[in-house]
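Worksheet: one structure, shown below.
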Ligand SMILES: Nc1ncnc2c1ncn2[C@@H]1O[C@H](COP(=O)(O)OP(=O)(O)OP(=O)(O)O)[C@@H](O)[C@H]1O
Ligand SMILES: [Mg+2]
């Protein structure tokens, strides 16, 4: 059984200016022990997809449709207390900015012990022991001493490790990581990626890794899903999608990565800007920026697929391969 | 930390010295005590001997010098009016004022923080708007008017609470207090509420603003993602952050509460130092006025020091440094 299956998820924000469809018909699934990279430019709905799963979409946002099957059971419409029992226990989340995810006035010990005791009624000492163990797991030296420190006494990389350690406390079945290494420098980033990959393999955890860095996703994930304007426009095994991108948006994304170029070759940015979520064009939302767009694109494209590789476009690029 | 405290105490000695000069000059400028204290029908001779007895015949510098050297030995002069040591007059009345101010502070915090939390957690609802309107009234209506309204409503119309005085008191460790008897408490409620209203409004606003600032932050969302209850998030994660500004501002305000007690004590005939001060200014009883202000400044200094210490305990990012 898949750890999680998202089926036609709709998450909308009802604002005075109109309904914002931040997530507009997203479907994907993640198997046990598998890492899915969720990529796309800013505002494409990656974070909101993650928050929808864990049930933390801020009002006026709400899941307006679709199903979120976690271990076979639908989470949509669950009560707040049922969701709270899952959060941190079965599904954990890590955020982008490690400077902001820990409460500045509470010690690391307080913040870890409370996380243990939110789900397991264990004595403080036992909770503390688990906290020390989790800190050791993510490579924090002398965790026993560091436990009594406050967030400001840690560097950004160390804080992100603490956040990851908190996420690991209950060995959840799914971790949603929302750009957790974006704010860190490259060496720290690769250390953390290494640790994450290791624990995910060791514990058979599924991981949804949100990022706009295709390089990171290429090295880490098994599968990739490319989001644009609240939808998934292309998905499949990482190697297939990155080596043979089919959707013009994915092609554009890959061409705009400096590492993919030879010296002297000009970078190609995708022209134009992401459409305002209130005024998305009819049909394919990418058509106004697309080099391959034709009149056909004014109608809604449907999913096409070869094997595990799927895309939503009338004009597949390259030669699509399974 | 110890060096920090010592340095602060040394600085406050300087502040006290400066205050004494200013107050001494100020009272001198208001008028000559001899004109008020000595009966109009006194003979020239009686008048002269009274002036000499009070030390008012000497040059101002010399008067100040005598005052200062006596003060350093703990003698702040005798009241011209009561012919008692000024400091013991003040200390005899200080507990009544401190008690009033302390109870006012507690009311402001115990009532203000929950109201501010409710307001901040349910912004722009009927509850929030009611609380905020109330706090605007607390800010903008003059304190004496609020006091008279309290008397009107609770003493005159409803007859629930006494309109003034201190009621039964009891002695604990040599300090007189109203807190231990029912009669004393009923006398305390109205003046303490009156004195608390401004700070109550302040605490509500500070708390509400704090909640609104903290709630959208990532660490609250992360706390939710850990599966904490909403109760723990508000009472631990949010409140601990809010306590920093609240304690700082309210701690600073404690000095003003004591100073504002003048108005409340006058309305409710509360026998504290505020009332003594007003009487002494009327009669140009310089030793009492000077001693009062020195005592108040001293309390300000101590309160500020305590606030700084509390601040550093609440916020781990701030540690009192010995240097600088
Ligand atoms: N509180 C909100 N009110 C209204 N609209 C919102 C709100 N939060 C998000 N949105 C909408 O949802 C869309 C998707 O936001 P989301 O945060 O998921 O983007 P993202 O893909 O994570 O981008 P980034 O890479 O910048 O993190 C945004 O374009 C925005 O219009
Ligand atoms: Mg995001």
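Just so it is clear, glycine is given a Cβ too, placed from its N, Cα and C backbone atoms.
From the options B:41-60, B:61-80, B:141-160, the stretch TrEMBL describes as transmembrane segment is B:141-160. Only sequence-distant pairs (6 or more apart) were considered; of these, at least three Cβ pairs between the transmembrane segment (B:141-160) and the transmembrane segment (B:242-270) are under 8 A, so the stretches are in contact. Highest Cβ pair count under 8 Å relative to the transmembrane segment (B:188-207), across stretches B:12-31, B:242-270, B:290-314: B:242-270.
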